[in-house]
């Protein structure tokens, strides 16, 4: 400590690092502080060296402190502490706050500390994150919502009260800390003009978002997909934002199927949408269907006809579209109520005359906002409905049904993507004409991904043309597709909630999503070994074991929960041809999980291709001195046949321009299968299990072991860095 005595901790005045200051106080380490004009967090040492970054400095404090097990009592516990340090800044702010509290509450049910049996810097990091949340945490702390987390927090606060009280008194409440929830919500006017207490979150992280005129405990939302396809990543944003607001305002969300177009819809889609919503962890209050309201919608349509607010129009569709664009009133707009009711009955009957007609709202044909130019409310469609059969010959449009059902179901806020912005005025006007309660619209930007089609019509084309295996194909952006490709739902939730309810139209990169996924799977997924079948090379170790022997080793060196695996050692082993090409005669290489060997001879065929290698073991050699670390498999009959499957984007353009045909941008090669052999333990994999093949990447088991002649199918999981795992 003499050589590297702490000189000063510098930090921005509005962002004091609570965890570092608290750790130093508890450890009794003198920590002079000063505010920084550069805006950076720096620990300066007396020998001129510097450390930067919150958790880098916290780890340093943990190492130099004279507190037992402050940074773990062994390498494994230190690694566990690192996991919690990575978790704290990501999940204790913004939209993930209550999700994190819920997760930690379950985790702490039977624990005294976050890691092992000792108080550590992991506890300090989490404690500081909660203390720094100020009133937002204090309000939860006083409730009975997270008893285990509160028990732990109170225990830490009491045990180290002198140090922690001093820290909170000095630093909590600075700008950026302790202002997540205003202590006294201001009185505001509700939609009906009455005063009510509103949630007022005051100053908070930029990722935090508010609903207008939202009352705590009175928010009711709906997630309303059309059952014309499976849930995709774009829908997921809407679903998860509904969930976020419901949790934040202690409200409820309804799952409603907007089933007004029997031509496109089916029970298969309904069943899979329910499955997908539950996969996302959406806690809905009930399931409803727009078709439940068909009788009431029919009554409302007839009411509007009688009030002169709607009329039946037999103008051909293309002509009607042109007239709407040009602001030309239909010849039918001046029809009498009697004439409209007569034609309305023809529509209900689905007669030849009725099939020529549609029902339109009488709004304003000269309005600059074209959505208000007499939109269509009902169209005839003789196709039977998937739920109610052939009872109806006409169906309401989304524009008519949505504002009615939202108001009828008591929805307080309708979340809609910003692509509907121009139709918001129409939504409000229709509710006004109906004489129904106003529902607040909250807009967010549609989630668009590079090289990705989200149109259900276009996705359906791939299914119908046999270009993919189905709606759960790993090339599809559907929830089932990306999960099958190896994405963890936790990664999807984190990715989407990081975007918040931004109204900016962003084209997002898949790499960011897969990078988040890697951080989740890497610490826990088991490691296995595979060798590419094509041109695999046999390495004979002349002094290797005459009789094969087996060792039991961990499936993950840093995570005991991954279990163990059996590794066979023999004098004849397989290695990848790509590795063999890099080896020189007399070169020392490392055989992973075994030790070093020296390659004495390289045997090639007449075309110069390597066919065999001969070498000797050199187990006393240092793995630090070798250039090549090789994966290998013992030549035994227990090896498992594998098919490693890699997928690419379905289209070759990052973004299709408006009017551009996706068929012109189809990727001719989107799937690659590579034969390989894997270690015998792979026969125990279950479908859906995620693993890492050493030096080849992450994979998800799609088809587990059935019999030796049928290969185990492993789907390559992108890691956010590599364009291709196997090329």
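A Cβ is built for glycine as well, from the same backbone N, Cα and C atoms used for every other residue.
Checking the ranges 182-206, 207-231, 232-256 against TrEMBL, the region 'Disordered' annotation falls on 182-206.
On the 0 to 100 pLDDT scale, the model's mean across the domain 'Glutathione S-transferase C-terminal' (102-158) is 86.
Counting residue by residue with DSSP, the domain 'tRNA synthetases class I (E and Q) anti-codon binding' (629-702) contains 9 helix, 32 strand, 33 coil.
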